[in-house]
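Q: One structure follows; several queries about it will come next.
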Amino acid sequence: MTRLRKIIHVDMDAFYASVEQRDDPSLRGKPVVVAWRGARSVVCAASYEARVFGVRSAMPAVRAERLCPDAIFVPPDFARYKAVSQQVRAIFLRHTDLVEPLSLDEAYLDVSEPKSGIELATDIARTIRAQIREETNLTASAGIAPNKFLAKIASDWRKPDGQFVIPPQRVDAFLAPLPVNRVPGVGKVMEGKLAARGIVTCGDLRQWALIDLEEAFGSFGRSLYNRARGIDERPVEPDQQVQSISSEDTFAEDLLLEDLTEAIVQLAGKTWNATRKTERIGHTVVLKLKTAQFRILTRSFTPERPPESMEELRDIALALRARVDLPAETRYRLVGVGLGGFREKEAVVQGELFEQGPNDSPRS
């Protein structure tokens with residue numbers, strides 16, 4: 001008999017920006033952008049007040065400034081964010097040992113056999129959110145479902161400071177009208193390819209046979225087939241091994257930093273394509289350089305959300321170049337672009353029975 005699974009995805013609300021607003025009362029209620037200023041800088045995070053103007057994580061900082069001229073830019077303090085993240089994780093561990101962190105601000109929890117004595121997954125999620133608020137003065141949203149894929153979608157449903165449950169008996173009804181662009185892993189390019197074939201919702205996807213989806217979209221076709229049916233058998237894995245994918249290029253002639261643009265763009269494309277062939281998503285972007293004197297230096301950046309396109313990866317890599325502080329006349333013999341902090345893509349299974357608490361039923 002298949003074990004009944006109860007999975008919670010907890011996502012802190014505008015985490016980096018919320019920490020800044022918590023610690024500096026003058027920032028509360030104002031549009032806050034967590035980013036270094038500069039032509040090549042990118043946005044780490046944006047408060048909800050800034051998001052109203054269209055500011056998003058991984059966006060070039062100059063664009064964020066154009067969209068929201070009154071935004072207050074705050075340089076990131078990752079040591080502080082990590083300390084808060086550890087507080088939050090300690091709360092998770094009171095309820096289950098099966099905690100899979102995805103980044104500083106989100107994690108999956110398997111509460112099928114909870115430690116805390118609370119039986120309903122919805123009550124566990126509500127308790128965790130209350131403890132986070134009480135102990136950190138921050139808010140979190142939660143999704144509760146029979147698997148990781150659905151829990152991830154559910155956590156976005158009532159943001160900020162809310163929770164949403166998708167019980168197994170409602171999975172089909174929930175997914176049928178869901179736009180394919182709400183499915184993790186379906187970006188603008190894939191959305192366009194699907195729309196060209198008349199596929200706009202998960203219900204449309206269900207009309208396609210597996211063999212036809214695989215013929216049209218290769219190995220990703222199976223993921224689409226499974227997602228449309230709410231299928232995801234991946235376990236919550238507390239000890240995910242960190243991996244990375246990178247591409248490097250050694251030049252025939254040493255180049256100046258300003259001459260590396262084309263190489264960085266090409267390498268970002270190679271790294272992105274290599275990542276697409278795996279079932280994993282990289283969160284941390286790394287730029288590697290080797291000088292003519294064989295000195296190696298790296299610059300890295302972890303946005304609030306993983307890069308969702310080659311263009312985002314490219315822009316972050318180019319922004320990291322601006323953080324290289326060697327003399328302008330320094331020449332380089334090698335450049336590399338990498339992605340690290342990997343986790344599995346969302347997708348791959350069938351739900352099992354789920355308890356539902358009061359006031360947590362899906363909206364029609």
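One-based numbering along the chain as shown.
Yeah, the Cβs are placed from backbone N, Cα and C, and that goes for glycine too.
So Swiss-Prot lists these for the protein:
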- E106: active site (ACT_SITE)
- D11, D105: Mg(2+) binding site (BINDING)
- 7-187: domain 'UmuC' (DOMAIN)
- Y16: site 'Substrate discrimination' (SITE)
Q: Quick check for the class: what is the C-alpha distance, in angstrom and rounded, between the residue listed as 'active site' and D11 (Mg(2+) binding site)?
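A: Rounded to the nearest whole number, the Cα-Cα distance is 4 Å.
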Q: Taking DSSP three-state, what's D11 (Mg(2+) binding site) in: helix, strand or coil?
A: strand
Q: In which DSSP state, out of helix, strand and coil, do we find Y16 (site 'Substrate discrimination')?
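A: The residue in question, Y16 (site 'Substrate discrimination'), is helix (DSSP, three-state).
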Q: Kindly assign E106 (active site) to one of the three DSSP-derived states: helix, strand or coil.
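A: Reduced to three states, the DSSP call for E106 (active site) is strand.
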